[in-house]
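Quick look at what TrEMBL lists:
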DOMAIN    34-176  domain 'Lactate/malate dehydrogenase N-terminal'
BINDING   39, 40, 41, 42, 43, 44, 45, 65, 125, 148, 149, 150, 259  NAD(+) binding site
BINDING   112, 118, 150, 184  substrate binding site
DOMAIN    178-341  domain 'Lactate/malate dehydrogenase C-terminal'
ACT_SITE  208  active site, proton acceptor
Ligand SMILES: NC(=O)C1=CN([C@@H]2O[C@H](COP(=O)(O)OP(=O)(O)OC[C@H]3O[C@@H](n4cnc5c(N)ncnc54)[C@H](O)[C@@H]3O)[C@@H](O)[C@H]2O)C=CC1
Ligand SMILES: O=C([O-])CC(=O)C(=O)O
């Protein structure tokens, strides 16, 4: 009786992992990966850490937060996967939490409430990201940073400037996570056009706030036709989707579960490429060359050291060109604000 029960349990468990791994296209390559989640006790941090704990791509998970990580860590550590969990709490343990990590995911910081813009988070989150980046520069300067904390348009330049100050900057390793914009664009387009969402892919470029989010609907795959009204309403919905969640949550924060899904997908892609998988592409907000702004999100080919190369924005329509012009104006200000903060305000 017991052996039948064990067999059934094992079968169910294997099926779960197989489906999970398929979903995230996880390959089981051999490198040892240690991932740190900074802000691990938060609305994003907890479900994101859960998804990472379940992945065969992650060997060790380091959880850092200024509160509650001991509980989150104890809880996650009971899950029957190979990934080892360590937890660190408070400023005194910040440096230790980053020892030996090769990828750091950062969802630390305050979320929006209704009526706020992402830029309204700057005053609090700029210092949080700068402090964490400073610690990374000291302890794990080779690590790849995946920055979720808003305003991403500014926090990515902030982390970059901190790395430059410490003489350990590599533009290949500082990535702003915009994956949720792509996840949303895929979902909304598939819903509107009756497509299989698992096979729908829409690049989203620019930045990660309002007008700076530029979906390239003309490049949707499979190819679909949109009326002008559809283009307007889809573009607006994708640009305002974060606000849609903030308003629905009515003061209880912003997107956490869909962000954890998107953050896990992004991290798995980074890890797969680190492990040697070829052809891994995700959109990300990174330092840009030959564009009108010094940072810009485009589809990025990942490699063993992070960014291998930007695949650019490709062929776009006049409609999309106009959206980009609007985005560029706002992005320039956001980037300048981040750079100025590190060089004129921040005291490490
Ligand atoms: N890039 C994106 O697409 C998205 C970004 N976000 C952003 O992610 C951030 C986190 O959002 P939530 O998890 O919902 O917020 P939350 O408030 O639920 O969690 C944030 C966590 O960060 C921790 N924290 C605060 N200061 C810290 C520090 N100095 N070091 C380490 N941890 C610290 C808090 O203790 C808390 O556990 C926000 O800035 C939000 O705007 C949210 C959704 C999507
Ligand atoms: O809207 C927010 O504040 C959180 C976020 O970045 C998103 O959900 O895209």
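Each residue, glycine too, has its Cβ placed from N, Cα and C.
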For the binding-site residues 39, 43, 112, 150, 184, which residues place their CB under 6 A from an atom of ligand 2? 112, 150
To the nearest whole angstrom, state the Cα distance for the pair residue 41 (NAD(+) binding site) and residue 184 (substrate binding site). 25
Length of the line joining the Cα atoms of residue 118 (substrate binding site) and residue 43 (NAD(+) binding site), in Å: 17
Counting every protein chain shown, other Cβ atoms within 10 Å of the Cβ of residue 125 (NAD(+) binding site) number 23
Arithmetic mean of per-residue pLDDT over the domain 'Lactate/malate dehydrogenase C-terminal' (178-341): 98
Sparsest Cβ environment (other Cβ within 10 Å) among binding-site residues 39, 43, 45 belongs to 43
Distance, residue 184 (substrate binding site) to residue 259 (NAD(+) binding site) (CA atoms, angstrom): 10
Given residue 184 (substrate binding site) and residue 208 (active site, proton acceptor), what distance in Å do their CA atoms have, once rounded to a whole number? 13
Between the two most distant Cα atoms of the NAD(+)-binding residues 39, 40, 41, 42, 43, 44, 45, 65, 125, 148, 149, 150, 259, the distance in Å is 18
Between any two of 112, 118, 150, 184, the residues recorded as binding substrate, what is the biggest Cα to Cα distance in Å? 18
With Cβ-Cβ distance below 8 Å and at least 6 positions apart along the chain, what are the contacts of the residue listed as 'active site, proton acceptor'? List them in sequence order. 118, 150, 151, 152, 153, 176, 178, 181, 285, 297
Around the Cβ of residue 150 (substrate binding site), other Cβ atoms found within 10 Å total 27
Pairwise CA distance, residue 112 (substrate binding site) versus residue 45 (NAD(+) binding site), rounded so that it is a whole Å: 16
Which ones in the same chain are close to residue 149 (NAD(+) binding site), with CB under 8 Å and 6+ residues apart in sequence? 39, 106, 107, 108, 109, 125, 128, 129, 155
